[in-house]
Amino acid sequence: MQLLDGKILDGRKLSKKIEQNVGDEVKELKSTCGCTPGLAVVLVGQDPASAAYVNMKKKACDRVGFYSITHEMPESISQEAIEKTIVQLNNDTNVDGILIQLPLPSHIDTTKLLELVDPSKDVDGFHPYNVGRLVTNLDGFVPCTPLGVMELLKEYDIDVKGKNCVVVGASNIVGKPMAALLLNADATVEICHIFTDDLKKHTLNADIVLCGVGVINLITEDMVKDDVIIIDIGVSRTNEGKLVGDVDFENVSKKSSYITPSPGGVGPMTIAMLLSNTLKAAKINAAKLSEQKEC
Ligand code: GUN
């Protein structure tokens, strides 16, 4: 059995490395074409978790030298007012990436807003255009959390080809794009969700379990086989205020060959991938602008 340190998939460490690279590229972009990558975030309402995530994203933008702006809107804002802001951001040449922090209040049509974002600025990868490109294994913007998981696996030389991967959770943000990425990388993929009968039957067969549903201790030691790889995408707060994942880390880590802690695993990677996607958008926009100048 390896020492625990040897089996931790350390998202904090990798995210710092990625941030460093993004920061270096930002300097290069600024000196070669005078462009500063820009991210606009739309935050609606007072949800403390959303506000905390947006704050972390803003700080990360500052660290790498991006321009960033947050449009904070009251809970009672109308659909039309948010739509107007998105159209303005689509047309703003200082903005390369647009992120609408989810979830939105129930009176808002989230799908309509996501579809309004210019797909070339869709750094969250939630627009159906980018979803379609992901499913067909074409280049595009990929949702940050599952993209971060793939980067983490790559960093630790974990090849998913031919592996039995069980994704627990079928959300548009995490589960579905996670499954698509794994499938594109030639894994055998099962998606389990709230209506899955006998979750354990599925997870016991998995070489890799990826769980992101926000249920504390959903994955326990008896549900996984020896040497399983565990990717914990969940984040919840206990009654005592401690942040924890979906996996009983203490006991499951004894059986696993690799495991992500939560917090400190996938979370930091999500932010690193947002930076990386925004840089990608900025480079595409810079190339388009220089083409236009040449014409
Ligand atoms: N809410 C929870 N996760 C995410 C995310 O990755 N992007 C956005 N926009 N909202 C979220």
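Cβ coordinates are placed from backbone N, Cα and C, and glycine is handled just like the others.
These come from TrEMBL:
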DOMAIN    9-124  domain 'Tetrahydrofolate dehydrogenase/cyclohydrolase catalytic'
DOMAIN    143-284  domain 'Tetrahydrofolate dehydrogenase/cyclohydrolase NAD(P)-binding'
BINDING   GLY169, ALA170, SER171, ILE194, VAL235  NADP(+) binding site
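Overlay of TrEMBL annotations on the structure.
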| residue | record | Cβ within 10 Å |
| --- | --- | --- |
| GLY169 | NADP(+) binding site | 24 |
| ALA170 | NADP(+) binding site | 18 |
| SER171 | NADP(+) binding site | 17 |
| ILE194 | NADP(+) binding site | 10 |
| VAL235 | NADP(+) binding site | 19 |
Local backbone state of GLY169 (NADP(+) binding site), from DSSP in three classes: coil
Mean of the pLDDT scores, which run from 0 to 100, over the domain 'Tetrahydrofolate dehydrogenase/cyclohydrolase catalytic' (9-124): 97
Span of GLY169, ALA170, SER171, ILE194, VAL235 around NADP(+) - largest C-alpha separation, Å: 17
